[in-house]
Structure formats: C-alpha cells, structure tokens
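Engineer: Starting off with a structure, shown below.
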Amino acid sequence: MFQLTFLGTGATVPSARRGLSALLVEHETDRFLVDCGEGTLRQIRQGGVGVRRLDRILLTHGHLDHILGLASLVGTLDLWDQADRLTLYGSEEALHIARVLLDQVVWPDDHPGLDVIYATLKPGRFCETGGVAVTAFPVCHHETQSFGFRFEETEHRPLDGARLDALGVPEGRERHELAHAGAVTLADGRTVRREDALGPAERGTSLAVVGDCGDADALVESVRGVDLLVIEATYRTADEATARSRSHLTVADACRLAQAAGVGRLVLTHQSDRYDPAEVEAEARARFEPVMVAKDFDRVEVRPAVRS
C-alpha cells in the first residue's frame with residue numbers, strides 16, 4: 001500500500017487555497033517527494049508529515065513552479081542534519097537548474113554537510129528499494145525534458161491461512177513469529193518454515209504520477225493498469241484551446257487517458273484557481289469514475305483497485 005499526501009495542488013502561482021506542486025509518496029519506510037514547488041517546506045510542516053527520512057526527490061521537469069522550493073527544503077535538511085545524503089532525480093535540464101539554485105543560492109560560500117547526489121533520468125526503471133520499484137517515462141510538455149513516474153510494489157507471497165491451519169500453526173504468537181522470523185518451532189517440536197506456508201504470488205499495488213503534460217494520449221502504455229493515476233488537469237474542457245496553447249491538459253484529456261489505460265482510480269491536480277473545484281469534479285465524474293480533485297493536505301491510500 002502507498003500513502004499519498006498532496007502538499008501542493010495549484011498551477012503556476014500559489015494561491016490562498018493551493019500551494020505549488022509537491023506530492024509525498026510513502027511506502028513503509030520509503031519516502032519520495034515528487035516535485036518541490038515554492039513553499040513546499042511550509043506545506044510539509046503544516047501538513048505534519050515532517051522531513052525525517054526524506055532522502056529522495058523526483059523532479060518531473062525544471063519549471064520553477066515545480067522546483068523553486070528546493071532552496072528552503074534542502075537548506076533546512078542540511079541545517080537540521082536530517083539526512084546524510086539526498087538524491088535528486090531529474091532530467092539534465094532540471095538537475096542543472098537545481099544545481100545552480102543550491103550551489104549559488106543556498107551554499108554560495110561553503111560546502112554543505114549534506115551529500116547531494118544528482119541522478120540524471122532516462123526512460124526506464126531507476127530506483128529499487130526492498131519493496132518498491134520506480135520507473136520514469138517521457139512526458140511531452142513544451143520543449144522541456146519531462147518525466148512521469150510509475151511506482152510499483154514488489155510482487156509478494158503472503159502467508160496462506162489454509163496452509164497454516166493444515167500445518168497446525170496456531171493463531172497468535174506462532175504465526176507472528178513465522179511471518180517475521182521465517183520459522184517457528186511448535187509445541188510438538190516440529191519446525192515450520194515460512195516458505196512452507198506461503199500462498200500464491202499477489203500483484204503489488206501501483207500508481208503513476210504525471211506533472212505538466214501537453215499530450216495525454218501518448219501516455220496510455222506508460223500508465224496502463226495502475227491502481228491510481230495522479231495527473232494534472234489545469235483547465236476545464238471548455239478552455240481546451242488555452243490548454244493546447246500552454247501545453248497542459250483539460251479534464252476531458254485526463255479522463256480519456258484514465259479510461260483508455262484502464263486505471264483503477266483517478267486524481268486530478270495542478271488546478272487553476274479560476275475554477276470551482278466542485279464544478280471540476282462534477283465534470284470529471286461525468287467522464288470517469290472513481291475520480292477526485294485533490295486539495296492541499298489531502299491524504300490518499302493506494303490499494304489494489306477493484307475492477308469489474
């Protein structure tokens with residue numbers, strides 16, 4: 001299961017209702033921050049998610065409304081000694097801007113105690129932890145080098161209740177020990193190993209995150225089948241001409257992609273403050289369900305979607 005915290009859901013400039021792009025993705029002890037718009041540090045503190053174990057930041061692209069918050073956030077991580085190492089993932093273009101921002105603004109005169117690693121992205125899998133694999137895929141937005149991200153839980157085999165019963169493993173302490181230690185010795189002297197009681201492999205939960213985008217149709221295969229898709233929908237469908245001229249998506253674009261790719265749930269973000277969120281959500285629900293329009297500090301659990 002993934003836990004999402006929407007720290008900034010606005011477009012271009014912050015407003016009274018919305019901060020700029022930032023999404024915290026958590027899975028067990030792993031934490032990934034996708035984009036870091038202006039004011040992200042304040043949003044982190046106000047949202048109560050903290051900065052501990054925040055050692056990976058993924059940049060969709062190098063536009064300032066997605067990256068400017070790096071100065072205060074990374075500077076604070078260094079000042080508070082909250083991490084020994086921080087990895088910034090992004091295109092060459094985005095990382096160049098990030099490096100200039102940090103080297104010339106945050107640390108112009110001294111070397112930070114924080115070890116910052118600049119990891120240049122290419123399409124494909126780029127990060128694997130014990131339980132999560134993250135893949136980058138190209139996204140069209142103006143002339144920028146832009147990426148979206150697909151997060152997938154590692155396939156796992158849980159303990160099977162029927163097998164545990166057949167092996168005579170009582171509920172309670174013995175099953176807990178078997179799950180965590182890998183083996184348990186029963187009262188009759190038999191030793192049961194974890195692999196003897198595993199059920200069939202289960203698909204892990206998946207989600208995709210797309211920042212600014214000018215061509216949703218090109219993303220169908222990249223996001224196909226995910227349990228949840230987070231994607232920008234900066235404009236109402238009535239303003240399609242403006243969306244096209246600015247290389248952004250409409251509500252209809254995002255919903256069409258979700259339908260074509262067979263995603264389980266849809267969350268719309270990067271919202272223009274000109275619209276009433278209730279009207280945006282009503283338009284989206286007429287085109288795809290289940291769907292929600294994210295607000296700052298919304299928290300969403302991502303579990304395997306129930307599909308018809």
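Every residue gets a Cβ built from N, Cα and C, even glycine.
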Engineer: Swiss-Prot has Asp65, His66, His270 down as binding Zn(2+) 2; which of Asp196, Asp212, Asp215, Asp217 does it also list for that site?
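Structural biologist: Only hit among Asp196, Asp212, Asp215, Asp217 in Swiss-Prot's Zn(2+) 2 site, alongside Asp65, His66, His270: Asp212.
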Engineer: Which whole-number value in Å describes the distance between the Cα atoms of His270 (Zn(2+) 2 binding site) and His142 (Zn(2+) 1 binding site)?
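Structural biologist: His270 (Zn(2+) 2 binding site) to His142 (Zn(2+) 1 binding site), Cα-Cα distance: 16 Å.
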Engineer: Quick one: give me the count of other CB atoms within 10 A of the CB of Asp65 (Zn(2+) 2 binding site).
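Structural biologist: 20, counting other Cβ atoms within 10 Å of Asp65 (Zn(2+) 2 binding site).
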Engineer: If you skip the near sequence neighbours and keep only those at least six away, which residues in the chain come within under 8 angstroms of His142 (Zn(2+) 1 binding site), Cβ to Cβ?
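Structural biologist: Residues satisfying the criterion: Gly214, Ser247.
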Engineer: Taking only the Cα atoms, work out how far Asp212 (Zn(2+) 1 binding site) lies from His66 (Zn(2+) 2 binding site), in Å, as a whole number.
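Structural biologist: Counting only the Cα atoms, the answer is 9 Å.
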Engineer: So of His63, His66, which of the binding-site residues has the fewest other Cβ atoms within 10 Å around its own Cβ?
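Structural biologist: The binding-site residues His63, His66 were compared, and His63 has the fewest Cβ atoms within 10 Å.
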Engineer: Setting Asp65, His66, Asp212, His270 aside, what same-chain residues sit with their Cβ within 8 Å of the center of the Cβ atoms that define the Zn(2+) 2 site, listed in sequence order?
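Structural biologist: Nearby residues not in the site list: Ala11, Thr12, Leu20, Ser21, Asp35, Gly37, Thr60, His61, His63, Gly211, Glu232.
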